[in-house]
Amino acid sequence: MSSEYLIRSLLMLFLALFSANASNWLYLAKLSSVGSISDEETCEKLRGLIQRQVQICKRNVEVMDAVRRGAQLAIDECQYQFRNRRWNCSTLESVPVFGKVVTQGTREAAFVYAISAASVAFAVTRACSSGELDKCGCDRNVHGVSPEGFQWSGCSDNIAYGVAFSQSFVDIRERSKGQSSNRALMNLHNNEAGRKAILNHMRVECKCHGVSGSCEVKTCWKAMPPFRKVGNVIKEKFDGATEVELRKVGTTKVLVPRNSQFKPHTDEDLVYLDPSPDFCEHDPRTPGIMGTAGRFCNKTSKAIDGCELMCCGRGFHTEEVEVVDRCSCKFHWCCYVKCKQCRKMVEMHTCR
């Protein structure tokens, strides 16, 4: 066997593994809309889907625009939550959109999987409640009078349908190849933790009915939390994520804390297998790790957004730039606010 043939074979194997990453479907966010999908053939052309996701697409064509919105929601929330960290969820014009970061068993990958699974559940549920989908609507299982005395009415979010679709679509790659590998178990656990960030924070919203604003009758319905709340919950779980390893208990393979002194993780916690890189330098061999050169930093902060940590000890540039702010705002009857535009010079700091 020639060395050239061996190198070519290894390269093809690497590309196959890389392209089969379970989060590749996030590439749907790069599409302006998939609402124009009107037949099953179009599903074959959607980049980033594995074959079993293509089959789900063909059976659920009308749901795919909600999935696309979910993908964009996941990317936007990731970039918001990590805006002040060395890795800030920068995306690529390729699959996977976050690069090789999500192919490693790090806590960053754990966050991406959790927020992605949550985003599909959220977007599909919202599509159900808004009447976009023929296959689902409001949750009619919530009815009657509650123990607190109010009447269940209105449109309760059908979170059960959204979660079920997320489980079938997002989890399909891990389940199709079996659940015996440590990475498959990690991904499935974090997917479920992401969905629980919605389920465990469902809220009750109510409306009063009566004469002159009285509350003689109160009707209530169950609603999902804002997705920013979901992102905040998952980010907190990221900060406290548990490093785990695969262990066989009887005939079952399970993930357990690598440090036996740590308490076992719950279904709501994030877990990871490998330590994260420092993300300081751009690594052309690792797509998705952009480094922190040129990133803005906070000169006075001692946290991760501070120049000392963000710039990894390389120092930073400082320049004065002019910014325009609204100022001297006044309320005018009725009913608008009028502001002046004020210019001022501020110092901006960027990493070397």
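Positions of Cβ are set from backbone N, Cα and C atoms, glycine also.
Per Swiss-Prot, the residue from C206, C215 that shares a disulphide bond with C208 is C215. Among C307, C311, C312, C327, the cysteine that Swiss-Prot records as disulfide-bonded to C351 is C311.
Disulfide connectivity taken from Swiss-Prot links C339 to one of C307, C312, C329, namely C329. The disulfide bond recorded by Swiss-Prot for C136 reaches one of C128, C138; that cysteine is C128. Comparing local CB density within 10 A for the disulfide-bonded residues C138, C215, C307, C334, the maximum falls on C307.
Following the DSSP three-state reduction, the secondary structure of C307 (disulfide bond) is helix. In this structure, the C-alpha atom of C78 (disulfide bond) lies 33 angstrom from that of C339 (disulfide bond).
A 10 Å radius around the C-alpha of C208 (disulfide bond) takes in none of the disulfide-bonded residues listed as C138, C297, C311, C334.
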